């Protein structure tokens, strides 16, 4: 895609925000002509720097996505065992049943009942992650807040995924993590790795206006799956929940992307996605994906420790946008650029 086209999409987002008065019932496509629902407007509010308003809308947006599948989460919850020693299977998996988007839960319902995942949930239960309201009235013992552990699934339903960006584990300082890799809440200082991501975009697209915030909800709403391979972390302890089972679970998520992502609204076979795997860890996670079907781009990680060893100058954003245009057409509702403003 050209710089001119990308900036046109940004203007469309802003114009649509001004037009919205009553939220439409149907979840729209984020294209140049589409009106925006309340959920999508939250992304635009973040993108235009309205941090307070967007932050208030964020929780609503992340818990009220219209399901695009007929799978009822209640059917899974009712099948779980609620007998035996506490916590029961029903206790352990209540969070998944209530916060994983149905499009993902439908395919992960057997995975979350496997012994390794139940062991992971028992570990998290002891750590203090027990339910959707854990953070109310007290200090968090696990990041991100329980309701945000699966935020990636609600912002980017399976059939909407066109791009995957992989992170390793959530930010571990107070108030940063909210379930999307590399992204932080409105009002939080932009982390160094994300600053370097912005620098690379600016290098590839000189007209890009570097954001003053680090919230990437608008990317997630546009089909960019922002997935950490470990979904939780203890406060101020980087990597503390690694090798507990999350990697097996997110490997399954990547397997689902490999098979189904890019299917679109009619449920047709997925056309493929762009995968941005930065760092050896991320490259390893996507090594089994179909390289004929997907565009898999690898490089050094954007961390200040490694960005100058291959991340800067990788042209990943331009390559991704060109591939998306060829695969899905000029009017595709997916765009890695412009980044949120």
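Cβ atoms are placed via backbone N, Cα and C, with glycine included.
Unlike curated entries, TrEMBL annotations are predicted automatically.
Model, not experiment: these values are computed from the prediction.
When Cβ atoms from all protein chains are considered, those within 10 Å of residue 169 (active site, proton acceptor) total 23, not counting its own. Positions annotated as active site, proton acceptor by TrEMBL: 169.
Look at TrEMBL and you will find 154-324 tagged as domain 'Uracil-DNA glycosylase-like'.
Per TrEMBL, region 'Disordered' is recorded for 18-37 (among others).
If you look up TrEMBL, you'll see 55-83 (among others) marked as region 'Disordered'.
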On the 0 to 100 pLDDT scale, where does the domain 'Uracil-DNA glycosylase-like' (154-324) sit on average?
92
